[in-house]
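S.K.: According to TrEMBL, the record shows the following:
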- 52-244: domain 'Neurotransmitter-gated ion-channel ligand-binding' (DOMAIN)
- 253-370: domain 'Neurotransmitter-gated ion-channel transmembrane' (DOMAIN)
- 1-32: signal peptide (SIGNAL)
- 250-270: transmembrane segment (TRANSMEM)
- 277-295: transmembrane segment (TRANSMEM)
- 307-333: transmembrane segment (TRANSMEM)
- 412-439: transmembrane segment (TRANSMEM)
Amino acid sequence: MSTKIKTLISGRGLLWLLVLVCLVVSVPSASCTPDHLAAPDTKSTNVSTLDRLQMNLFVNYDANVQPTIQGKATNVSLGLSVNYIDIDELNGKITLHCWLTVRWVDEQRSWNIKQYDNITKLHIPDNKVWKPQIMIFNAAADEGNYPVSTQMILSNDGSFLWVPPAVYTAYCALNMINWPYDQQICKLKIGTWSVGNLNAAYNKVIDYDDLVQSSEWEIVSGRTESVHKDYYSYVEFIFTTQRRSSMYKAIIFTPASCIVILTLAAFWLPPKMGEKIMVNGILILLIASFLMYFAQLLPVLGGNTPLIVVFYSASLLVLSISTIIEVVVLYLATAQHKRRVPDIVKRLLNGKLGSCLMLSHFTNDAELPTTQNNGLPKEMDENLYNSVDDMTSPLDINPTDTPSARALQFDWVLLATAVDRICFIAFSLVFIVLSIVYIA
């Protein structure tokens with residue numbers, strides 16, 4: 001009896017088990033899984049599509065390996081967009097605020113846009129994918145050799161675009177000989193040690209349309225040269241910059257013109273005026289102060305001293321010689337001479353040379369009568385001529401030929417005036433030559 005009951009119960013248990021299995025199978029897609037844990041629909045939103053695209057693109061991706069195209073290492077193109085430029089003359093450095101434009105292609109990172117909701121571009125952090133280690137080779141600073149970390153753009157054709165900002169400081173061989181109207185040619189060698197096929201971008205390699213104008217410098221032109229070595233390559237960006245010189249006309253060239261004019265004007269002052277020596281002394285101090293200003297403003301250069309500095313130095317030398325000449329002229333005009341001016345010199349002064357030097361009116365003054373002036377006796381002008389006692393030299397053969405003190409003094413004053421006029425012409429020619437050589 002017990003054996004039958006056990007067999008019946010076992011049969012019934014199997015029967016109920018089969019019924020439960022049938023009920024479970026008959027329930028249509030029943031599930032007790034919560035909604036927030038359910039698998040998302042990959043076509044429901046763009047975010048999910050982006051995630052799926054990135055997962056498919058970068059599965060088993062090694063960011064340390066350079067991409068390939070047709071079995072060869074991909075080419076990298078480099079361009080430059082300049083925002084601001086400045087040149088430090090004292091240290092011989094150029095500072096460039098710019099944006100790099102780096103492009104390359106990875107054929108393994110392309111996709112069909114129809115399979116991913118027409119997504120054509122992806123923004124990817126630059127630390128997630130391979131990128132060339134761009135740096136400046138002729139850097140003049142410890143910092144700023146590498147561009148700033150930014151995101152890059154991946155297009156559906158597998159092309160990468162990376163536009164990082166950078167501030168580069170490089171050494172520049174300055175040529176200051178035409179300062180302040182100088183043009184400087186500076187080079188930036190930007191490249192990488194890990195890529196041997198870095199080339200300049202073909203389309204507008206150097207872009208400075210959006211350049212923030214510097215207060216002193218502007219870019220005249222720019223060009224590039226690609227340099228390839230065995231294990232590295234770089235692009236040489238060559239800039240030609242022009243200095244803005246409008247301010248220097250007021251603070252350098254206008255005082256130089258005034259110095260020249262005053263130096264020449266001193267020769268037209270009366271020969272007895274000692275103030276002309278004082279004028280020259282003031283001009284010498286002025287030029288010395290300008291030379292000190294140039295020494296603080298400009299670097300110490302070995303072989304290309306600015307021409308304007310040489311002009312001021314030459315003007316200082318000319319003024320020193322002019323001061324010596326004015327001392328001689330003042331002595332000739334004011335000293336009490338006992339000897340006459342040589343006859344040959346006197347004939348020249350009273351001849352064509354005197355006419356060319358505009359000395360004829362001085363001669364006419366000497367020939368005026370000394371006893372009658374509009375019916376009144378004419379007295380000697382003590383302010384213009386120093387009175388000396390009439391004296392005769394024991395060497396004179398004919399004492400009656402000895403000129404009066406007035407005539408003797410007048411001849412020497414006339415000679416001093418002639419020296420002034422001749423020096424005016426000579427120094428005018430000197431300044432013209434200096435202007436042509438050092439300024440023009």
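Even glycines carry a Cβ here, placed using N, Cα and C.
Predicted automatically and left uncurated, TrEMBL annotations should be read as such.
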S.K.: Sort out the residues at least 6 away from either end of the transmembrane segment (412-439), same chain, that have Cβ-Cβ distances under 8 Å to it, and list them.
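M.R.: Hits for the transmembrane segment (412-439): 253, 256, 260, 263-264, 267-269, 271-272, 307-308, 310-311, 314-315, 318, 322, 325, 328-330, 332-333, 335, 337, 341, 345, 349, 353-354, 357-359, 362-363, 366, 384-385.
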S.K.: Can you tell me the mean pLDDT for the domain 'Neurotransmitter-gated ion-channel ligand-binding' (52-244)?
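M.R.: When the pLDDT values over the domain 'Neurotransmitter-gated ion-channel ligand-binding' (52-244) are averaged, the result is 86.
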S.K.: DSSP-wise, what's the residue breakdown of the domain 'Neurotransmitter-gated ion-channel transmembrane' (253-370) into helix, strand and coil?
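M.R.: Here the numbers are 86 helix, 0 strand, 32 coil.
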